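Structure first, then comments.
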Amino acid sequence: MASQISPLCLLLLSLVYALLSSHSTSGAVSEADGRKEYIVYMGDKPTGDISAAAAHTNMLQQVFGSNIASDSLLYSYKRSFNGFVVKLTEEEMKQLEGMDGVVSIFPNEKKKLHTTRSWDFIGFPQQVNRTSVESDVIIGVLDTGIWPESDSFKDKGFGPPPSKWKGICQGLSNFTCNNKIIGARYYRSHGEFSPEDLQTPRDSEGHGTHTASTAAGGLVSMASLLGFGLGTARGGVPSARIAVYKICWSDGCADADILAAFDDAIADGVDIISLSVGGSTPHNYFADSIAIGAFHAMKNGILTSTSAGNDGPNFASITNFSPWSLSVAASTIDRKFFTKVQLGDSKVYEGISINTFEPNGMYPFIYGGDAPNITGGFSANTSRFCTRNSLDPNLVKGKIVLCDELVSGTGAFLAGAAGTVMADRGAKDSARPFPLPASYLGAQDGSSIAYYVTSTSNPTASILKSTEVNDTLAPFIVSFSSRGPNPATLDILKPDLAAPGVHILAAWPPISPISGVQSDNRAVLYNMQSGTSMACPHATGAAAYIKSFHPTWSPAAIKSALMTTALPMSAEKNLEAEFAYGAGQMNPVKAVDPGLVYDADKIDYIKFLCGQGYTTQTLQLVTGDNSVCSEATNGTVWDLNYPSFALSSFTFKSIAGVFTRTVTNVGSPVSTYKATVTGAPIGLQIQVVPDILSFTSLGQKLSFVLKVEGSIDKSVVSASLVWDDGVHQVRSPIVVFVVATN
């Protein structure tokens with residue numbers, strides 16, 4: 001289970017810490033008068049006679065005087081937490097920052113989307129045991145909206161929405177809800193709409209429809225992407241309800257809109273929140289819209305499932321990492337696609353893509369570097385990468401173009417090319433559709449093809465239709481999936497677990513191009529996408545499945561059940577090991593009966609936050625109660641009742657850590673669990689005290705201590721703790737790693 005990462009790479013964490021000490025204003029919306037949009041976060045929802053909007057206006061009057069611009073206050077958050085969005089100068093922002101009641105102020109930045117067979121692959125067939133309560137579970141999907149007419153969202157057989165539902169359907173004449181999609185809202189705090197943006201909850205991007213149907217879509221037989229992935233498309237909980245919160249548009253997802261959606265979703269009565277969105281810069285917990293929203297969701301008994309991010313395999317690249325949310329990495333399934341390129345000299349090279357186009361003979365073949373759009377100001381140094389507008393249409397029209405980098409295909413497509421062959425040194429573990437025939441190859445094959453193109457007087461080529469084959473190496477973590485460790489709190493292991501996120505077939509709006517290129521006019525009802533965006537709704541569906549069996553379980557208990565029953569993954573296939581896959585590949589069937597859970601509530605997180613240096617004043621604002629940071633509540637990160645163990649060190653020797661945990665019996669009323677530590681490397685001693693836990697009733701809580709001490713000879717080592725009663729195996733990863741050498 002041990003794996004090695006260069007200590008030099010680990011030193012990059014110092015750069016992350018530098019980011020945590022200040023707020024970046026990149027991406028914040030600027031006005032001509034120097035004002036930018038800021039989110040003023042004030043903690044828990046307001047109480048008392050004065051309305052939140054009035055209180056916010058009063059605060060602004062102290063800054064602006066009586067002349068408050070009518071468009072300055074963009075949002076007031078008041079249903080589930082307290083805050084507002086306002087346009088401020090730097091000086092005005094600093095004035096507000098010092099006012100009583102303000103927890104944090106941060107720019108309204110843009111976040112980005114983290115974009116059939118998968119459920120069966122993880123051992124979760126449609127025929128698993130289900131409960132009637134599943135139809136009472138409401139999943140709130142914060143995304144690009146939804147295409148309500150999709151067969152995946154038909155409401156045949158559904159009764160009216162659960163009585164707890166308090167939401168609305170913010171539809172117009174061209175958008176209606178039903179008993180499957182029971183609510184829909186959309187948010188736009190600023191900016192102009194682009195032509196493809198629909199000013200309703202309707203989805204024109206495809207991402208939100210895809211994620212919603214992955215989590216809770218109904219059964220649709222004979223679904224495919226133009227013949228690929230043919231089978232029955234379904235979500236994890238087909239009987240669950242969906243509430244839609246459209247926060248993302250063609251230009252991204254604004255923090256202000258994300259918080260507005262959380263504010264509504266919590267008050268509307270959703271049970272699980274699914275959010276396949278993330279930023280690019282790590283922030284501290286209360287200067288990040290998703291972490292803030294997830295905290296208040298947790299306080300209200302709602303688990304937030306988030307995508308880990310698509311910036312892997314870079315170290316510490318994970319963007320959603322709060323301990324009160326679920327962070328999901330993307331794993332492969334046993335399906336992959338190959339696309340062959342046949343040259344005029346009869347040689348054949350095998351690349352990857354999801355190429356739905358039938359071949360139509362041989363085409364002239366040209367190197368992008370030999371076709372620069374000179375009149376457009378581009379040189380061969382740019383056209384070799386086939387970026388948008390860099391190719392001369394007169395030279396590439398009707399030809400296949402060789403490009404020196406994996407790109408979207410837009411440049412070749414808009415220039416009129418008949419196809420594109422792309423080659424570079426990047427990973428080739430996920431395929432995607434392109435707007436024209438395309439194949440992506442490795443650097444070595446690319447060099448051979450380049451030699452043919454440049455040394456042959458009339459080079460030709462043909463790109464064949466893709467073939468779908470079984471991937472015997474699956475599951476492993478795909479290269480783009482963001483890695484840990486946690487950039488805000490090193491000793492909270494992130495990501496939490498892995499779920500299928502590669503070549504996922506799910507519902508799609510017929511108006512959205514399958515390749516993401518607007519001029520691609522192929523209309524489909526189901527599309528194949530890859531990303532941690534696709535992994536997140538798998539975990540969402542699994543969490544909702546657990547919720548249907550255990551409606552009273554806390555968010556932490558549901559997360560614990562998913563993590564401690566996850567299937568171990570191979571460190572040989574994933575060199576970053578637990579920093580790639582967390583506890584392992586989720587296993588929903590096992591997760592409904594985990595035996596023991598590591599539960600946590602608001603008090604546990606308050607102790608954690610006190611230990612992280614947050615003040616009593618901040619905690620009282622965030623929690624809305626009289627919480628205090630004192631010697632009794634000032635816990636260490638090792639005391640947070642988390643289902644995994646992470647220990648960072650600045651040296652390879654004299655490593656020591658003591659973790660305190662409490663488990664709750666949710667299995668057999670009378671049971672005895674024995675602790676076993678497996679995989680500990682030589683030189684590292686891991687002791688569990690006591691190593692036997694005997695329960696006499698359901699709901700009983702027993703505590704133990706896990707002690708780690710010794711030395712390691714690699715940058716990262718790992719082991720596992722397993723509590724076993726002969727029926728349940730409750731497994732937690734243990735990771736010890738060196739941050740920097742002396």
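Cβ coordinates come from backbone N, Cα and C, glycine included.
The active site, charge relay system annotation in TrEMBL covers Asp143 (among others). Counting only same-chain residues six or more apart in sequence, the Cβ atoms lying under 8 angstroms from the Cβ of Asp143 (active site, charge relay system) belong to Leu113, Asp203, His207, Gly208, Thr211, Ala212, Val244, Tyr245, Lys246, Ile247, Cys248, Ser274, Leu275, Ser276, Val277.
When secondary structure is read from DSSP and collapsed to three states, His207 (active site, charge relay system) falls in the helix class. According to TrEMBL, the active site, charge relay system annotation covers His207 (among others).
The active site, charge relay system annotation in TrEMBL covers Ser533 (among others). Every protein chain shown contributes to the tally, and the Cβ of Ser533 (active site, charge relay system) ends up with 30 other Cβ atoms within 10 Å.
DSSP labels the residues of the domain 'Inhibitor I9' (38-114) in these numbers: 21 helix, 28 strand, 28 coil. As annotated by TrEMBL, domain 'Inhibitor I9' applies to 38-114.
Sequence annotations record features per position, and here TrEMBL assigns domain 'Peptidase S8/S53' to 135-584.
Taken from TrEMBL, the feature domain 'Subtilisin-like protease fibronectin type-III' applies to 639-736. According to DSSP, the domain 'Subtilisin-like protease fibronectin type-III' (639-736) comprises 1 helix, 61 strand, 36 coil.
Under the heading signal peptide, TrEMBL lists 1-18.
According to DSSP, Asp143 (active site, charge relay system) is assigned to a strand segment.
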